[in-house]
Amino acid sequence: MLNERQTLTQSSRVVVKIGSALLTNDGQGLDVAAIEGWVAQMAKLKEQGRELLLVTSGSVAEGMVRLGWKQRPKSVHELQAAAAVGQMGLIQTWETAFKKYGIKSAQILLTHDDLSNRKRYLNARSALRTLVDLGVVPIINENDTVATDEIRFGDNDTLGALVTNLLEVETLVLLTDQDGLFDADPRENPKANLISEGRAQDPALLAVAGDGGALGRGGMFTKVRAARLAARSGARTVILGGRTEQALTRLFEGEKLGTLLLPDDEPITARKRWLAGHLQEKGVLVLDKGASQAVQQQGKSLLPVGVKEVRGRFARGELVVCIDDSEQRLAKGLINYSSNEASLLAGQPSHQIERILGYVEATELIHRDNLVVIK
Ligand SMILES: Nc1ncnc2c1ncn2[C@@H]1O[C@H](COP(=O)(O)OP(=O)(O)O)[C@@H](O)[C@H]1O
Ligand SMILES: N[C@@H](CCC(=O)OP(=O)(O)O)C(=O)O
(Lines of atoms letter the chains of each structure in order from A and count residues from 1; the text may use other names and numbers.)
(Lines give C-alpha, C1' and ligand atoms only; values in the text may rest on other atoms or scores of the structure.)
(Ligands and ions follow the chains in the order given, each with its own letter.)
Protein backbone atom coordinates (compact mmCIF):
# COMPACT_ATOMS: atom_id res chain seq x y z
CA MET A 1 0.00 0.00 0.00
CA LEU A 2 1.26 3.47 -0.88
CA ASN A 3 1.16 6.06 1.87
CA GLU A 4 -0.57 9.39 1.23
CA ARG A 5 2.63 11.20 0.26
CA GLN A 6 3.55 8.48 -2.23
CA THR A 7 0.06 8.58 -3.72
CA LEU A 8 0.56 12.30 -4.27
CA THR A 9 3.53 11.59 -6.54
CA GLN A 10 1.19 9.78 -8.91
CA SER A 11 -1.05 12.80 -9.57
CA SER A 12 -1.55 13.15 -13.29
CA ARG A 13 -3.54 16.38 -13.29
CA VAL A 14 -2.58 19.19 -10.95
CA VAL A 15 -3.82 22.73 -10.26
CA VAL A 16 -1.20 25.10 -8.85
CA LYS A 17 -2.61 28.27 -7.29
CA ILE A 18 -0.21 31.07 -6.41
CA GLY A 19 -1.37 33.88 -4.14
CA SER A 20 -0.72 37.63 -4.24
CA ALA A 21 1.43 37.54 -1.11
CA LEU A 22 4.05 35.42 -2.85
CA LEU A 23 3.80 36.73 -6.37
CA THR A 24 4.26 40.35 -5.45
CA ASN A 25 6.59 40.02 -2.50
CA ASP A 26 3.86 41.40 -0.26
CA GLY A 27 2.83 44.17 -2.63
CA GLN A 28 6.26 45.24 -3.89
CA GLY A 29 5.50 44.44 -7.55
CA LEU A 30 5.78 41.16 -9.43
CA ASP A 31 8.66 38.98 -8.27
CA VAL A 32 9.88 37.95 -11.71
CA ALA A 33 12.76 35.82 -10.44
CA ALA A 34 10.41 33.82 -8.22
CA ILE A 35 7.94 33.41 -11.06
CA GLU A 36 10.74 32.05 -13.27
CA GLY A 37 11.65 29.64 -10.49
CA TRP A 38 8.11 28.24 -10.23
CA VAL A 39 7.84 27.95 -14.00
CA ALA A 40 11.10 25.95 -14.07
CA GLN A 41 9.55 23.57 -11.54
CA MET A 42 6.24 23.38 -13.39
CA ALA A 43 8.15 22.59 -16.60
CA LYS A 44 9.69 19.62 -14.76
CA LEU A 45 6.28 18.44 -13.58
CA LYS A 46 5.05 18.65 -17.14
CA GLU A 47 8.07 16.70 -18.37
CA GLN A 48 7.07 13.97 -15.92
CA GLY A 49 3.83 13.71 -17.90
CA ARG A 50 1.55 15.64 -15.56
CA GLU A 51 -1.14 17.98 -16.87
CA LEU A 52 -0.99 21.42 -15.29
CA LEU A 53 -3.35 24.31 -14.73
CA LEU A 54 -2.24 27.49 -13.05
CA VAL A 55 -4.46 29.79 -11.00
CA THR A 56 -2.67 33.06 -10.43
CA SER A 57 -3.55 36.04 -8.27
CA GLY A 58 -1.64 39.28 -8.23
CA SER A 59 -3.49 41.47 -10.73
CA VAL A 60 -4.72 43.92 -8.11
CA ALA A 61 -1.38 44.01 -6.28
CA GLU A 62 0.55 44.56 -9.53
CA GLY A 63 -1.99 47.15 -10.73
CA MET A 64 -1.53 49.08 -7.48
CA VAL A 65 2.22 49.25 -8.09
CA ARG A 66 1.73 50.35 -11.70
CA LEU A 67 -0.75 53.05 -10.69
CA GLY A 68 1.41 54.19 -7.79
CA TRP A 69 -1.22 53.34 -5.16
CA LYS A 70 0.18 52.56 -1.75
CA GLN A 71 -2.94 51.02 -0.26
CA ARG A 72 -5.38 48.47 -1.62
CA PRO A 73 -8.43 50.55 -2.60
CA LYS A 74 -11.75 49.89 -0.91
CA SER A 75 -14.13 50.70 -3.75
CA VAL A 76 -14.96 47.94 -6.20
CA HIS A 77 -14.47 50.12 -9.31
CA GLU A 78 -10.95 51.07 -8.21
CA LEU A 79 -10.12 47.44 -7.45
CA GLN A 80 -11.37 46.55 -10.92
CA ALA A 81 -9.24 49.28 -12.50
CA ALA A 82 -6.16 48.05 -10.63
CA ALA A 83 -6.90 44.45 -11.67
CA ALA A 84 -7.27 45.42 -15.33
CA VAL A 85 -3.94 47.27 -15.33
CA GLY A 86 -2.13 44.58 -13.35
CA GLN A 87 -3.45 41.59 -15.29
CA MET A 88 -1.48 42.77 -18.34
CA GLY A 89 1.84 42.56 -16.53
CA LEU A 90 0.88 39.35 -14.77
CA ILE A 91 0.02 37.44 -17.91
CA GLN A 92 3.00 38.81 -19.85
CA THR A 93 5.37 37.69 -17.13
CA TRP A 94 3.92 34.17 -17.01
CA GLU A 95 3.84 33.82 -20.78
CA THR A 96 7.45 34.94 -21.18
CA ALA A 97 8.59 32.56 -18.46
CA PHE A 98 6.74 29.52 -19.90
CA LYS A 99 7.97 30.32 -23.42
CA LYS A 100 11.57 29.77 -22.32
CA TYR A 101 10.68 26.11 -21.83
CA GLY A 102 8.74 25.91 -25.11
CA ILE A 103 5.48 25.68 -23.13
CA LYS A 104 2.41 27.38 -24.58
CA SER A 105 0.09 29.15 -22.19
CA ALA A 106 -3.39 30.69 -22.42
CA GLN A 107 -5.21 33.35 -20.45
CA ILE A 108 -8.54 32.34 -18.90
CA LEU A 109 -10.59 34.79 -16.84
CA LEU A 110 -13.45 33.26 -14.88
CA THR A 111 -16.02 34.27 -12.31
CA HIS A 112 -17.46 31.95 -9.70
CA ASP A 113 -20.80 32.35 -11.47
CA ASP A 114 -19.32 30.81 -14.62
CA LEU A 115 -18.79 27.66 -12.62
CA SER A 116 -22.17 27.50 -10.92
CA ASN A 117 -24.25 28.16 -14.05
CA ARG A 118 -24.60 24.73 -15.69
CA LYS A 119 -24.27 25.85 -19.29
CA ARG A 120 -21.26 28.06 -18.67
CA TYR A 121 -19.80 25.29 -16.51
CA LEU A 122 -19.75 22.94 -19.49
CA ASN A 123 -18.39 25.69 -21.75
CA ALA A 124 -15.54 26.48 -19.37
CA ARG A 125 -14.90 22.78 -18.92
CA SER A 126 -14.63 21.97 -22.60
CA ALA A 127 -12.41 25.00 -23.31
CA LEU A 128 -10.07 24.10 -20.45
CA ARG A 129 -10.04 20.40 -21.34
CA THR A 130 -9.12 21.22 -24.91
CA LEU A 131 -6.24 23.43 -23.79
CA VAL A 132 -4.95 20.80 -21.39
CA ASP A 133 -5.24 18.09 -24.08
CA LEU A 134 -3.18 20.34 -26.38
CA GLY A 135 -0.46 20.54 -23.73
CA VAL A 136 -1.15 24.24 -23.13
CA VAL A 137 -0.99 25.57 -19.55
CA PRO A 138 -4.16 27.57 -18.80
CA ILE A 139 -3.34 30.61 -16.67
CA ILE A 140 -6.50 31.37 -14.76
CA ASN A 141 -7.53 34.38 -12.72
CA GLU A 142 -10.82 35.90 -11.69
CA ASN A 143 -12.48 38.08 -14.27
CA ASP A 144 -12.28 41.07 -11.98
CA THR A 145 -13.93 43.52 -14.39
CA VAL A 146 -17.26 41.75 -13.98
CA ALA A 147 -16.83 40.20 -10.54
CA THR A 148 -17.74 42.19 -7.48
CA ASP A 149 -17.94 39.83 -4.51
CA GLU A 150 -14.81 37.92 -5.41
CA ILE A 151 -12.66 41.01 -5.89
CA ARG A 152 -13.87 42.49 -2.63
CA PHE A 153 -12.76 39.43 -0.71
CA GLY A 154 -9.73 38.70 -2.93
CA ASP A 155 -10.09 34.96 -2.82
CA ASN A 156 -8.53 32.90 -5.57
CA ASP A 157 -8.30 29.85 -3.30
CA THR A 158 -11.98 29.13 -3.99
CA LEU A 159 -11.42 29.60 -7.71
CA GLY A 160 -8.59 27.04 -7.54
CA ALA A 161 -10.95 24.57 -5.87
CA LEU A 162 -13.72 25.17 -8.40
CA VAL A 163 -11.29 24.52 -11.26
CA THR A 164 -10.20 21.36 -9.42
CA ASN A 165 -13.83 20.17 -9.28
CA LEU A 166 -14.39 21.12 -12.91
CA LEU A 167 -11.65 18.97 -14.41
CA GLU A 168 -11.34 16.00 -12.03
CA VAL A 169 -7.99 17.26 -10.84
CA GLU A 170 -6.30 14.94 -8.33
CA THR A 171 -4.18 17.49 -6.49
CA LEU A 172 -4.65 21.18 -5.75
CA VAL A 173 -1.49 22.96 -4.58
CA LEU A 174 -2.00 26.30 -2.84
CA LEU A 175 1.38 28.03 -2.87
CA THR A 176 1.66 30.72 -0.26
CA ASP A 177 4.09 32.73 1.87
CA GLN A 178 3.96 30.36 4.87
CA ASP A 179 5.23 26.77 4.89
CA GLY A 180 1.70 25.47 5.28
CA LEU A 181 -1.10 25.61 7.83
CA PHE A 182 0.13 26.13 11.39
CA ASP A 183 -1.77 25.53 14.61
CA ALA A 184 -1.82 29.34 15.02
CA ASP A 185 -0.98 32.26 12.70
CA PRO A 186 2.86 32.30 12.67
CA ARG A 187 2.87 36.05 12.09
CA GLU A 188 1.32 36.43 15.53
CA ASN A 189 2.74 33.38 17.26
CA PRO A 190 6.33 32.46 16.27
CA LYS A 191 6.07 29.21 18.24
CA ALA A 192 3.23 27.89 16.08
CA ASN A 193 3.68 24.34 14.70
CA LEU A 194 3.17 23.17 11.15
CA ILE A 195 0.29 20.74 10.62
CA SER A 196 1.68 18.18 8.20
CA GLU A 197 -1.48 16.27 7.42
CA GLY A 198 -5.17 16.38 8.15
CA ARG A 199 -8.61 15.66 6.79
CA ALA A 200 -10.05 18.57 4.82
CA GLN A 201 -13.39 18.28 6.62
CA ASP A 202 -11.88 18.43 10.12
CA PRO A 203 -13.61 21.44 11.80
CA ALA A 204 -10.60 21.99 14.06
CA LEU A 205 -8.57 23.11 11.03
CA LEU A 206 -10.94 25.95 10.17
CA ALA A 207 -10.72 27.08 13.76
CA VAL A 208 -6.92 27.59 13.62
CA ALA A 209 -6.93 29.18 10.17
CA GLY A 210 -6.74 32.95 10.38
CA ASP A 211 -7.15 35.65 7.78
CA GLY A 212 -4.58 37.20 5.43
CA GLY A 213 -2.43 40.30 5.45
CA ALA A 214 -2.60 43.90 4.31
CA LEU A 215 -3.36 43.12 0.67
CA GLY A 216 -6.89 42.26 1.85
CA ARG A 217 -6.65 38.53 1.35
CA GLY A 218 -8.48 35.46 2.52
CA GLY A 219 -5.54 33.97 4.47
CA MET A 220 -5.59 30.35 5.64
CA PHE A 221 -9.32 30.37 6.26
CA THR A 222 -10.11 30.48 2.53
CA LYS A 223 -7.40 27.84 1.90
CA VAL A 224 -8.93 25.32 4.29
CA ARG A 225 -12.36 26.11 2.88
CA ALA A 226 -10.97 25.57 -0.64
CA ALA A 227 -9.52 22.21 0.45
CA ARG A 228 -13.00 21.19 1.63
CA LEU A 229 -14.48 22.20 -1.69
CA ALA A 230 -11.76 20.35 -3.63
CA ALA A 231 -12.39 17.27 -1.48
CA ARG A 232 -15.96 17.19 -2.73
CA SER A 233 -14.67 15.85 -6.05
CA GLY A 234 -12.15 13.60 -4.29
CA ALA A 235 -9.10 15.87 -4.69
CA ARG A 236 -6.35 16.31 -2.14
CA THR A 237 -5.00 19.78 -1.35
CA VAL A 238 -1.51 20.79 -0.30
CA ILE A 239 -0.86 24.19 1.27
CA LEU A 240 2.79 24.74 0.41
CA GLY A 241 5.47 27.35 1.09
CA GLY A 242 6.33 28.87 -2.28
CA ARG A 243 9.64 30.31 -1.05
CA THR A 244 11.04 26.92 -0.12
CA GLU A 245 13.70 25.80 -2.62
CA GLN A 246 12.20 23.52 -5.31
CA ALA A 247 9.07 23.07 -3.18
CA LEU A 248 6.86 21.95 -6.06
CA THR A 249 9.19 19.37 -7.55
CA ARG A 250 10.14 18.00 -4.14
CA LEU A 251 6.49 17.70 -3.16
CA PHE A 252 5.79 15.53 -6.20
CA GLU A 253 8.86 13.41 -5.41
CA GLY A 254 7.10 12.47 -2.16
CA GLU A 255 8.88 14.78 0.27
CA LYS A 256 6.92 15.68 3.37
CA LEU A 257 6.46 19.41 2.75
CA GLY A 258 3.52 21.69 3.53
CA THR A 259 0.10 20.65 4.81
CA LEU A 260 -1.65 17.80 3.03
CA LEU A 261 -5.43 17.89 3.39
CA LEU A 262 -7.18 14.70 2.38
CA PRO A 263 -10.68 14.01 1.10
CA ASP A 264 -12.89 11.57 2.98
CA ASP A 265 -14.06 9.80 -0.15
CA GLU A 266 -12.58 8.13 -3.19
CA PRO A 267 -12.81 10.38 -6.29
CA ILE A 268 -15.58 8.30 -7.88
CA THR A 269 -17.76 8.29 -4.77
CA ALA A 270 -17.17 11.99 -4.28
CA ARG A 271 -18.02 12.79 -7.87
CA LYS A 272 -21.19 10.73 -7.71
CA ARG A 273 -22.30 12.53 -4.62
CA TRP A 274 -21.46 15.87 -6.17
CA LEU A 275 -23.55 15.17 -9.26
CA ALA A 276 -26.37 13.64 -7.27
CA GLY A 277 -26.46 16.15 -4.46
CA HIS A 278 -26.10 19.46 -6.21
CA LEU A 279 -28.38 19.24 -9.15
CA GLN A 280 -32.00 18.59 -9.88
CA GLU A 281 -32.97 16.08 -12.53
CA LYS A 282 -34.46 18.03 -15.42
CA GLY A 283 -35.18 15.36 -18.02
CA VAL A 284 -35.14 11.72 -19.04
CA LEU A 285 -33.50 9.94 -21.96
CA VAL A 286 -34.78 6.49 -22.94
CA LEU A 287 -31.87 4.42 -24.30
CA ASP A 288 -31.92 1.47 -26.68
CA LYS A 289 -30.33 -1.84 -25.67
CA GLY A 290 -26.90 -1.10 -27.16
CA ALA A 291 -26.60 2.29 -25.48
CA SER A 292 -27.91 0.95 -22.15
CA GLN A 293 -25.16 -1.62 -22.17
CA ALA A 294 -22.45 0.80 -23.32
CA VAL A 295 -23.30 3.29 -20.60
CA GLN A 296 -24.00 0.92 -17.72
CA GLN A 297 -21.51 -1.87 -18.28
CA GLN A 298 -18.74 -0.39 -20.39
CA GLY A 299 -18.53 3.10 -18.89
CA LYS A 300 -18.84 4.73 -22.31
CA SER A 301 -20.16 8.16 -23.29
CA LEU A 302 -23.76 8.37 -24.47
CA LEU A 303 -24.07 9.04 -28.19
CA PRO A 304 -27.27 10.42 -29.77
CA VAL A 305 -27.67 7.28 -31.90
CA GLY A 306 -28.59 5.20 -28.83
CA VAL A 307 -31.42 7.48 -27.62
CA LYS A 308 -34.99 6.47 -28.43
CA GLU A 309 -36.92 9.19 -26.65
CA VAL A 310 -36.31 12.51 -24.90
CA ARG A 311 -38.63 13.62 -22.06
CA GLY A 312 -38.79 16.91 -20.18
CA ARG A 313 -37.40 20.39 -20.87
CA PHE A 314 -33.78 21.09 -20.12
CA ALA A 315 -30.92 23.32 -21.18
CA ARG A 316 -27.34 22.41 -22.06
CA GLY A 317 -25.43 21.50 -18.92
CA GLU A 318 -28.43 20.29 -16.91
CA LEU A 319 -28.77 16.94 -15.21
CA VAL A 320 -30.77 14.22 -16.98
CA VAL A 321 -31.49 10.59 -16.13
CA CYS A 322 -30.92 7.73 -18.56
CA ILE A 323 -33.38 4.83 -18.41
CA ASP A 324 -33.78 1.62 -20.44
CA ASP A 325 -36.94 0.61 -22.27
CA SER A 326 -38.34 -1.06 -19.14
CA GLU A 327 -38.00 2.27 -17.27
CA GLN A 328 -35.03 1.04 -15.22
CA ARG A 329 -32.76 3.95 -14.11
CA LEU A 330 -29.26 3.37 -15.48
CA ALA A 331 -27.23 6.54 -15.10
CA LYS A 332 -27.39 10.29 -14.78
CA GLY A 333 -25.26 13.00 -16.23
CA LEU A 334 -24.79 16.51 -17.54
CA ILE A 335 -26.10 16.79 -21.07
CA ASN A 336 -24.34 18.69 -23.85
CA TYR A 337 -27.51 19.73 -25.68
CA SER A 338 -30.90 21.25 -24.79
CA SER A 339 -34.06 19.13 -24.87
CA ASN A 340 -35.08 20.57 -28.26
CA GLU A 341 -31.69 19.77 -29.74
CA ALA A 342 -31.54 16.33 -28.10
CA SER A 343 -34.96 15.46 -29.59
CA LEU A 344 -33.68 16.33 -33.06
CA LEU A 345 -30.52 14.29 -32.53
CA ALA A 346 -32.11 11.19 -30.94
CA GLY A 347 -31.38 8.08 -33.01
CA GLN A 348 -28.94 9.90 -35.31
CA PRO A 349 -25.26 9.11 -35.81
CA SER A 350 -22.89 11.78 -34.46
CA HIS A 351 -21.54 12.74 -37.88
CA GLN A 352 -25.03 14.05 -38.68
CA ILE A 353 -25.06 16.54 -35.79
CA GLU A 354 -23.70 19.41 -37.86
CA ARG A 355 -26.18 18.82 -40.70
CA ILE A 356 -29.11 18.72 -38.24
CA LEU A 357 -28.21 21.61 -35.93
CA GLY A 358 -25.81 23.64 -38.03
CA TYR A 359 -23.03 23.25 -35.45
CA VAL A 360 -21.40 20.64 -33.23
CA GLU A 361 -21.19 21.26 -29.50
CA ALA A 362 -19.80 17.77 -28.86
CA THR A 363 -20.04 14.38 -30.59
CA GLU A 364 -21.60 12.77 -27.51
CA LEU A 365 -24.86 13.71 -25.78
CA ILE A 366 -23.28 13.06 -22.38
CA HIS A 367 -19.53 12.66 -22.03
CA ARG A 368 -18.52 9.73 -19.84
CA ASP A 369 -16.68 12.10 -17.47
CA ASN A 370 -20.03 13.75 -16.76
CA LEU A 371 -21.95 10.50 -16.41
CA VAL A 372 -22.51 8.52 -13.24
CA VAL A 373 -23.87 4.97 -13.38
CA ILE A 374 -26.67 4.12 -10.93
CA LYS A 375 -25.89 0.72 -9.42
N1 LIG B 1 -2.94 29.03 11.08
C2 LIG B 1 -2.23 29.70 10.15
N3 LIG B 1 -1.13 29.11 9.59
C4 LIG B 1 -0.40 29.77 8.65
N5 LIG B 1 -0.69 31.02 8.20
C6 LIG B 1 -1.78 31.65 8.71
C7 LIG B 1 -2.59 31.00 9.71
N8 LIG B 1 -3.61 31.86 10.00
C9 LIG B 1 -3.45 32.95 9.24
N10 LIG B 1 -2.35 32.86 8.45
C11 LIG B 1 -1.89 33.91 7.51
O12 LIG B 1 -2.32 33.59 6.18
C13 LIG B 1 -1.41 34.24 5.28
C14 LIG B 1 -1.48 33.61 3.89
O15 LIG B 1 -2.69 33.93 3.29
P16 LIG B 1 -2.83 35.09 2.21
O17 LIG B 1 -2.19 36.32 2.75
O18 LIG B 1 -4.25 35.16 1.80
O19 LIG B 1 -1.90 34.55 1.05
P20 LIG B 1 -2.11 34.25 -0.48
O21 LIG B 1 -1.98 35.56 -1.17
O22 LIG B 1 -0.97 33.33 -0.73
O23 LIG B 1 -3.46 33.61 -0.69
C24 LIG B 1 -0.08 34.08 5.95
O25 LIG B 1 0.81 35.11 5.63
C26 LIG B 1 -0.39 34.03 7.46
O27 LIG B 1 -0.03 35.18 8.13
N1 LIG C 1 -8.11 38.26 -8.64
C2 LIG C 1 -7.52 39.23 -7.77
C3 LIG C 1 -7.68 38.95 -6.29
C4 LIG C 1 -7.31 37.53 -5.88
C5 LIG C 1 -6.47 37.44 -4.61
O6 LIG C 1 -5.94 38.43 -4.11
O7 LIG C 1 -6.35 36.21 -4.11
P8 LIG C 1 -5.20 35.65 -3.06
O9 LIG C 1 -4.02 36.53 -3.05
O10 LIG C 1 -4.87 34.37 -3.66
O11 LIG C 1 -5.87 35.50 -1.75
C12 LIG C 1 -6.05 39.46 -8.15
O13 LIG C 1 -5.53 38.81 -9.07
O14 LIG C 1 -5.45 40.33 -7.56
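Keep in mind that glycine also has a Cβ here, set from the backbone N, Cα and C atoms.
TrEMBL does not curate its annotations; it predicts them automatically.
Here is what TrEMBL says about this protein:
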- Lys17, Thr176, Asp177: ATP binding site (BINDING)
- Ser57, Asp144, Asn156: substrate binding site (BINDING)
- 283-366: domain 'PUA' (DOMAIN)
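Comparing the binding-site residues Asp144, Asp177 on other C-beta atoms within 10 angstroms of each C-beta gives the minimum for Asp177. Proximity of the binding-site residues Lys17, Asp144, Asn156, Thr176, Asp177 to ligand 1, judged by a Cβ distance under 6 angstroms to any of its atoms, singles out Thr176, Asp177 in sequence order.
For Ser57 (substrate binding site), other Cβ atoms within 10 Å of its Cβ number 29.
Summarising the environment of Lys17 (ATP binding site), the number of other Cβ atoms within 10 Å of its Cβ, over all protein chains shown, is 27. Rounded to the nearest whole angstrom, the C-alpha distance between Thr176 (ATP binding site) and Asp144 (substrate binding site) is 21. Proximity to ligand 2 (Cβ under 6 Å from any of its atoms) holds for these binding-site residues out of Lys17, Ser57, Asp144, Asn156, Thr176, Asp177: Ser57, Asp144, Asn156. Across the structure, Lys17 (ATP binding site) and Ser57 (substrate binding site) are spaced 8 Å apart at their Cα atoms. In sequence order, Lys17, Gly19, Val55, Thr56, Ser57, Asn141, Glu142 make up the list of same-chain residues 6 or more apart from Asn156 (substrate binding site) whose Cβ falls under 8 Å from its Cβ. Distance noted between the C-alpha atoms of Asp144 (substrate binding site) and Asp177 (ATP binding site) is 23 Å. Under the three-state DSSP scheme, Asn156 (substrate binding site) falls in the helix class. Across Ser57, Asp144, Asn156, which the record gives as binding substrate, the greatest C-alpha separation is 11 Å.
The helix, strand and coil residue counts that DSSP assigns across the domain 'PUA' (283-366) are 26 helix, 23 strand, 35 coil. Residues Lys17, Thr176, Asp177 make up the record's ATP site, and a Cβ search at 8 Å around their centroid adds Ile18, Gly19, Ala21, Leu22, Leu174, Leu175, Gln178, Lys223, Ile239, Leu240, Gly242 from the same chain.
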